[in-house]
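Residues or ranges marked as active site in Swiss-Prot: N307, H338. Annotation comment: Swiss-Prot describes 1-5, 102-120, 228-240, 398-407 as topological domain 'Lumenal'. Summarising the annotation, Swiss-Prot assigns topological domain 'Cytoplasmic' to 27-40, 77-82, 137-206, 262-324, 358-376, 429-435. Annotation source Swiss-Prot lists transmembrane segment at 6-26, 41-56, 60-76, 83-101, 121-136, 207-227, 241-261, 325-338, 341-357, 377-397, 408-428.
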Amino acid sequence: MDWLQLFFLHPLSFYQGAAFPFALLFNYLCILDTFSTRARYLFLLAGGGVLAFAAMGPYSLLIFIPALCAVALVSFLSPQEVHRLTFFFQMGWQTLCHLGLHYTEYYLGEPPPVRFYITLSSLMLLTQRVTSLSLDICEGKVEAPRRGIRSKSSFSEHLWDALPHFSYLLFFPALLGGSLCSFRRFQACVQRSSSLYPSISFRALTWRGLQILGLECLKVALRSAVSAGAGLDDCQRLECIYLMWSTAWLFKLTYYSHWILDDSLLHAAGFGAEAGQGPGEEGYVPDVDIWTLETTHRISLFARQWNRSTALWLRRLVFRKSRRWPLLQTFAFSAWWHGLHPGQVFGFLCWSVMVKADYLIHTFANVCIRSWPLRLLYRALTWAHTQLIIAYIMLAVEGRSLSSLCQLCCSYNSLFPVMYGLLLFLLAERKDKRN
């Protein structure tokens, strides 16, 4: 087994690993009394700029330009209008970049550069931070930089005043991945006194490293099993189900490994869960809880726990503000945020229907199923069904293209979401009659 190829096969893993020593250095410098708060902001910002240029090359401009514009917007707009205008600018910019990917993939039929994929991934994370910051300002939780037009301060003072916001948008531990950190938590971590700054827990980092090693070994074993089988276009019945489940497991193992690596980088820099939570600070939200994701029999719980910080961001940004069809609007926006590929649109809309069905099915079961043997059987069956439906959705989203989506829809695997869809129709009709 080529271990070097195993751990650095994905470019994001390579660049996240390359940033690790600098995260440890930042943590060490913060313990020193001579490392001022302004120096911390500059270190994080400079590290983000260097990492962006190293990972994205000339495409890094697609990150720097919206970050600069976002800081300008939050500096000069009033709190009442800052979120709306910032949101539409950021999503418009991201959509244009995704349309460039569509043009290259579907019209030209050429594979886009790897650096462009990394840029789009980082741009999606930047959108999270920009909209989170603008929401905080709009809700009065965070103060915007002083208004340049109304203030008589010099231009350099305005730049220093905007430094925390600019550093937040581009700080290197979260540039390429990681749980969404609010501006308030980011500011509290950076401004924490040297005596209160958390020391590096090498035991926690070692444990995360062992988890990544185990996940990567599982990926190698599963990849060999998947590659030896048939494809979705020529599989038959149970073989199609096994192929879908094992391929989805490959995707999940990749996500788990990346999320743990991202969490390790944030921890090494002092922004992880081990940093604790002081008065007025927001808690750290990890993206992955493997045990909950793999043992739950509820599709709705899986949706809330999968990429948890993003799920909370979508809930705050879309779900709570939607007056009609909040669930559908949330998943539709998620498809827009991911790039509006055919498989993504179908996958996320299917997911919203499955979550709605999940609520009705489990509400009905809690009333009708009383004995514990039947409850145990029900839980086992719904767990298996949940895992297979999630695998179906994952293949649709990750396949992206229309041809891959057609292969998936024409396979026997479509039986599982169709079954939940029929139950949704029957239970919704029963609920309407009772009302």
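The backbone N, Cα and C atoms fix where each Cβ goes, and this holds for glycine too.
Sequence-distant contacts of the transmembrane segment (41-56), counting only residues of its own chain at least 6 positions beyond either end whose CB sits under 8 Å from a CB of the stretch, comprise 11-12, 15, 18-19, 22, 26, 29, 62-64, 115-116, 118-119, 122, 163-164, 166-167, 170-173, 175-176, 190.
Cα-Cα distance from H338 (active site) to N307 (active site): 13 Å (rounded to the nearest whole number). With a 10 A radius on its CB, N307 (active site) counts 16 other CB atoms from all the protein chains. With respect to Cβ pairs under 8 Å, the transmembrane segment (83-101) is most closely packed against 325-338, considering the stretches 207-227, 241-261, 325-338, 341-357, 377-397. Against the transmembrane segment (241-261), stretch 207-227 has more CB pairs under 8 A than any other of 60-76, 207-227, 341-357, 408-428.
Proximity of distant same-chain residues to the topological domain 'Cytoplasmic' (358-376), defined by a Cβ-Cβ separation under 8 Å and at least 6 residues beyond the stretch ends, is recorded for 298-300, 382, 386, 420, 423-424, 427-428, 431.
The topological domain 'Cytoplasmic' (358-376): residue composition by secondary structure is 16 helix, 0 strand, 3 coil, according to DSSP. Cβ contacts within 10 Å of H338 (active site), excluding its own Cβ and spanning all protein chains shown: 18.
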